[in-house]
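Features as listed in TrEMBL:
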type	residues	note
REGION	316-346	region 'Disordered'
TRANSMEM	6-23	transmembrane segment
TRANSMEM	48-70	transmembrane segment
TRANSMEM	76-95	transmembrane segment
TRANSMEM	102-121	transmembrane segment
TRANSMEM	141-162	transmembrane segment
TRANSMEM	169-193	transmembrane segment
TRANSMEM	208-226	transmembrane segment
TRANSMEM	238-258	transmembrane segment
TRANSMEM	270-290	transmembrane segment
Amino acid sequence: AGFGAGLGLALASSAFIGGSFVLKKKGLLRLCGRARAGQGGHAYLREWLWWAGLLCMGVGEAANFAAYAFAPATLVTPLGALSVLVSAVLSSIFLNEQLNVHGKIGCILSILGSTVMVIHAPQEEEVSSLESMAEKLKDPGFIVFAVCVLVSSLLLIFVAGPRYGQSNVLVYVLVCSAIGSLSVSCVKGLGIALKELFSGKPVLKEPLGWVLLVCLVICISIQINYLNKALDIFNTSVVTPIYYVLFTTAVMTCSAILFKEWQHMVLDNIIGSISGFLTIVSGIFLLHAFRDMPFTPSLLPLFLQPGRADPHLPWSSADRHQSCQHQPLLPSEDKGSQSAEEEEEE
C-alpha cells in the first residue's frame with residue numbers, strides 16, 4: 001500500500017508540474033499590450049492562469065515531497081522526467097508548439113523506461129522512524145559518501161569553477177547533482193518525520209528533524225544558485241538532459257548506500273532498473289537535443305524517400321529528387337564533363 005501511494009504521488013507530481021508550465025505560459029501569452037515578464041513587467045500577477053500554474057507547481061512539489069516518504073528514492077527521482085513529457089505534449093496541444101518526430105519518439109521512450117523502472121523498482125529496507133533514520137545516517141558507508149560529496153563540491157566550486165565554469169557545462173551541473181543527492185536524503189527523513197507527527201508522536205522535540213530541515217534549506221539554496229549559473233551560461237537544451245542524468249545517478253547511488261535498496265534485489269530487477277533508467281535518459285535526450293530540428297523527407301534514407309518509393313520510377317528521374325546532402329562531391333571538371341555526356345546522350 002505504501003509503495004502504491006508513493007508511486008501515485010510521484011505520477012501526480014509529474015502531471016501537476018508538467019501542466020503548471022503550460023498554464024503559466026498561457027497566462028504570459030495573454031499579456032497583449034502590457035509589460036511582459038521578459039521586459040521587467042509584473043502584469044502577469046493579474047492573470048488567473050498564471051496563478052493557477054503557480055498553484056499546480058506547488059501541489060506538484062508537495063506531492064513529490066510526500067512521495068519520498070512512501071516509495072524508494074530510486075523510483076521517485078527518475079519518474080520526475082515524466083513532467084518534461086507532460087509539458088511537451090500539453091504544449092503541442094494548447095500552445096501550438098511543434099513536437100517533431102524526435103520528440104514523439106522521446107515521449108514514447110520515456111513512458112517505456114518509466115514502466116520498466118516501476119516493474120523492477122527496488123524495495124528499500126523499512127525506515128519507519130527517525131530513530132532508524134539516525135542509525136542509517138551513522139553508517140560508515142554513507143559517511144564516506146557524504147564526505148566525498150562535500151569535498152568534491154568544494155573543489156568544483158572554489159578550484160574548477162573559476163577556471164572552467166564558463167567553458168565546461170559539467171562543472172556547475174556536477175555541483176547541483178552531488179548536493180542534490182544529499183537534499184533528497186534530507187527530504188526522505190523529513191517525510192518520515194511528518195508521518196510520525198501526524199500519528200501523534202512528539203517529533204518536534206527530536207533534534208534530527210530540525211537538523212535535516214536546515215541541511216535541506218542549505219542544499220536547495222546551493223542547487224538553485226549553481227543551476228541558475230549553468231542555465232545562464234549554456235543552452236537549456238544542453239543543461240537539462242545532462243543535469244537529469246547526473247542528478248538521478250547521484251540520487252540512486254546515495255539511496256543505494258543509505259537505504260541498501262539494491263542489497264536484496266535479484267539480477268533481473270537490477271538489469272531492469274538500469275535499463276529503464278537508460279531508456280528514460282534516451283527519451284529525454286531526444287526531447288531536448290533535437291527539439292528545434294525540423295524533420296523533412298530529405299533526411300530519410302534513400303530507399304524511404306518519396307522518389308524511391310515507386311519501383312517503376314527510372315533512377316535518372318528519382319535522382320533529381322535527392323537532397324543536396326546525398327549528392328557526390330565532384331570536382332568542377334568532372335561535373336562539366338558529366339553534363340556534356342548527358343547532353344550528347346539526349
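Placed from the backbone N, Cα and C atoms, the Cβ positions cover glycine too.
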Recorded stretches the transmembrane segment (270-290) and the transmembrane segment (102-121) touching, at least 3 CB pairs under 8 Å: yes
Contact set, same chain, for the transmembrane segment (169-193): CB under 8 Å, 6 or more residues outside the stretch: 65-66, 68-70, 73, 77, 127-130, 133, 137, 146, 149, 152-153, 156-157, 160-161, 203, 206, 208-209, 212-213, 215-216, 219-220, 222-223, 226-227, 229-230, 233-234, 238-239, 242-243, 246-247, 249-251, 253-255, 258-259
Contact check, the transmembrane segment (48-70) vs the transmembrane segment (102-121), 3+ Cβ pairs under 8 Å, seq sep 6+: no
Long-range environment of the transmembrane segment (6-23) - Cβ separation under 8 angstroms, sequence gap at least 6: 49-50, 52-57, 59-61, 63-64, 66-72, 75-76, 79-87, 90-91, 94-95, 118
